[in-house]
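Colleague: Mind having a look at this structure? Questions to follow.
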Amino acid sequence: MYSVIIVAAGSGRRMNLDINKQFIKLREKEIIAHTIQVFYENINIDEIVVCIKKEEEDFFKENIINKYNFKNIKIAYGGKERQDSIYNGLKKLDKNCDIVLIHDGARPFVDHRIINESIKVAKEKKAVVVGVPVSDTIKIVSDGTVKETPERNLLWAAQTPQTFEYNLIIDAYEQAYKNNYYGTDDSMLVENIGQSVTMVMGSYENIKITSPEDLNIAEQILNMEKRDEVNSRRRII
């Protein structure tokens, strides 16, 4: 059984808006609805859990689930930190779950190739992150001074989904809470217990929408986007 947790319990702070950025519309459709739609249409995904703020539950049900006729969507409440929200989502998953994908609700341009490849590799390697090679030269800076310039060919920008064997990610989260450890993404928790993580090529279009500038880029992506309907219909054995 393949499940996805979509994290949508953030805010619109960097957008300078009073509403959750997930509810901002792209082409008359909310960002979170775009994101859910991709996983909803993917034949390999058996279960969808969306993490939202408790106070936004009624709005989410009326304006997303009911409006777009999504069926069997589970809801988990957001926590203080992103990690807490995901842990709440993990507790909502069916116990028959084999592989779980964890995805940012504000990344609506994830495609079926990424989803399917993540599941396929996770079945063999247990832990998978999607990402892209960085195009800029990265500097490590301390107190305004450049301390080091890492080799660019070794650097990747991590994206989501991040995909894990169910028992592994549960163990990683339980160990993290036991040791009061908070990571900036889920793969850090898995790395923290000694599990290697495999990188799968993501997409430069798989952006996270967090600023007004990102919204402009998202509109441009929509203008040229073509959904890969064929890949969405290929069930992974």
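Cβ atoms are placed via backbone N, Cα and C, with glycine included.
Below are the features listed in Swiss-Prot for this protein:
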- Arg14: site 'Transition state stabilizer' (SITE)
- Lys21: site 'Transition state stabilizer' (SITE)
- Arg152: site 'Positions MEP for the nucleophilic attack' (SITE)
- Lys208: site 'Positions MEP for the nucleophilic attack' (SITE)
Colleague: Name the residue among the recorded sites Lys21, Arg152, Lys208 whose Cβ has the smallest number of other Cβ atoms within 10 Å.
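Modeller: The recorded sites Lys21, Arg152, Lys208 were compared, and Arg152 has the fewest Cβ atoms within 10 Å.
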Colleague: May I ask you to report the DSSP-based helix, strand or coil state of Arg152 (site 'Positions MEP for the nucleophilic attack')?
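Modeller: For Arg152 (site 'Positions MEP for the nucleophilic attack') - judged by DSSP and reduced to three states - the answer is helix.
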Colleague: Could you state the whole-number distance in Å separating the C-alpha atoms of Arg152 (site 'Positions MEP for the nucleophilic attack') and Lys208 (site 'Positions MEP for the nucleophilic attack')?
Modeller: 22
Colleague: How big is the gap, in Å, between the Cα of Lys208 (site 'Positions MEP for the nucleophilic attack') and that of Lys21 (site 'Transition state stabilizer'), rounded to a whole number?
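Modeller: Cα of Lys208 (site 'Positions MEP for the nucleophilic attack') to Cα of Lys21 (site 'Transition state stabilizer') measures 11 Å after rounding.
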